[in-house]
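Contents: one structure, followed by commentary.
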Amino acid sequence: MIDLKQLRDDPDRVRESQRTRGEDPGLVDQLLQADQARREAISAADATRAEHKAYTKSMGKKMRDASPEEKENLRAKGTELSNVVKEKEEAQRVAEASVHDLQMQISNIVEGAPAGGEEDFVVVEKVGTPPQFDFEPKDHLELGESLGIIDMERGAKVSGSRFYFLKGAGALLQLGMLQLAAQKAVQHGFELMITPVIVNPESMSGTGFLGQHADEIYYLQEDNQYLVGTSEVALAGYHSKEIIDLSAGPKRYAGWSSCFRREAGSYGKDTRGILRVHQFDKVEMFSYCKPEDAAAEHQKLLSMEREMLAAVEVPYRIIDVAGGDLGSSAARKFDTEAWVPTQNTYRELTSTSNCTTFQARRLGIRYRDENNKTQIAATLNGTLATTRWLVAILENNQQADGSVKVPEALQPYVGQDVLKPVK
């Protein structure tokens, strides 16, 4: 959630951020009014409690010399004040709940992102040259089926649409890619974790995933829990309600998990193959740092994504995502998109987001500054490898005979340098 002090000090910036996102700037004024009402309710409750405390203290002396009738009046006055205290405290509770509800509706403040919507991104960099084939390239599913490594038909038979089996070298290719990502993360000082894939509502809400895109999440109604769409959720919740030590620099984790997404808003999109599926595997980086270090940490995560994409030998570009296409938690996000030959375009493989203090404020994650005062931490995340990378690896490394070259960095995991058709 956003910082109330920042909202009071610079409401125009928050309004502009809301407009940049295509969201309601009127929420800012509603929150300012609710915040003022909350502060007035707190003052009223404090004053009433003080009055009641003073009356209770003085009543003891008065009771010693009072007549029975006076004692009854004194007690009645005390009861009346006690009831007023309860009323004021309830008014304070309601006012605080109103502020909290409005805070939860306002997205993070955009920082440096281009204006506009989904198509208004800015290309930051292009790396590699899209391959020029002297044959008609096959898409990843046709390749996967001919190589005997992807089985969508049986995936649908067992689980429904957008499910699949990875077989043989396909399973090894994915596991090798994830293992390579895990090793690179560890080499760069990240602590590797295999995270839970079921989380509580506090963790899901705290990371900002129960807002506009809540319908994308699998909800386990009987248990009041959720399946994660990314290990970011579990890694963010890992230090919830804690004071963490950032004196030696950022605290970095890499989460390996299966991920689940309903793809509720994707009817008819990418129905062929494994580009958009309900279940996939991913290695996700997650950093906690001081707010002033967040921009530099964002670049570190992006550089690691560059390193992994270079290792799997696919042409890609980096885009600066426009404000109107940001998730509610992200102040800024860079996507890396790989070239997909049969679609003649770039498709997203990874993203890395700077969530500033938005998630940590919701989750109660703090650190101590140089003056030993507690401050809200910043959080960042970025994907280091995931299932959909297989799409780009297969298509960009295919050969005229239907075989696919295995990127050199993945050959030790797959045990082959070329995958050959089996049918």
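The chain as shown is numbered from 1 upward.
Using the three backbone atoms N, Cα and C, a Cβ is placed for every residue, glycine included.
Binding of L-serine is attributed by Swiss-Prot to T230, S231, E232, T383, and within the candidate set E191, E284, E292, E337 the record adds E284 to that site. Counting same-chain residues at least six beyond the ends of the compositional bias 'Basic and acidic residues' (1-24), those with a Cβ under 8 angstroms from any Cβ of the stretch are 31-32, 35, 99, 103-104, 106-110, 113, 115, 117, 323-324, 326, 357-358, 361-362, 376. Neighbours of T383 (L-serine binding site), defined as other CB atoms within 10 A of its CB across all chains, total 27.
Site extent for L-serine: among the recorded binding residues T230, S231, E232, E284, T383, the largest C-alpha separation is 10 Å.
Neighbours of T230 (L-serine binding site) among the binding-site residues R261, E348, L349, defined as a Cα within 10 Å of its Cα, are R261.
In this entry, ATP is bound by R261, R262, E263, V277, E348, L349, T350, S351, whose most widely separated C-alpha atoms sit 19 angstrom apart.
Here the Cβ of S231 (L-serine binding site) has 29 other Cβ atoms within 10 Å, regardless of which shown protein chain they belong to. Long-range neighbours of L349 (ATP binding site) (same chain, six or more residues apart, CB within less than 8 Å of its CB): L309, V314, Y316, T336, E337, A338, T383, T386, R388, W389, A392.
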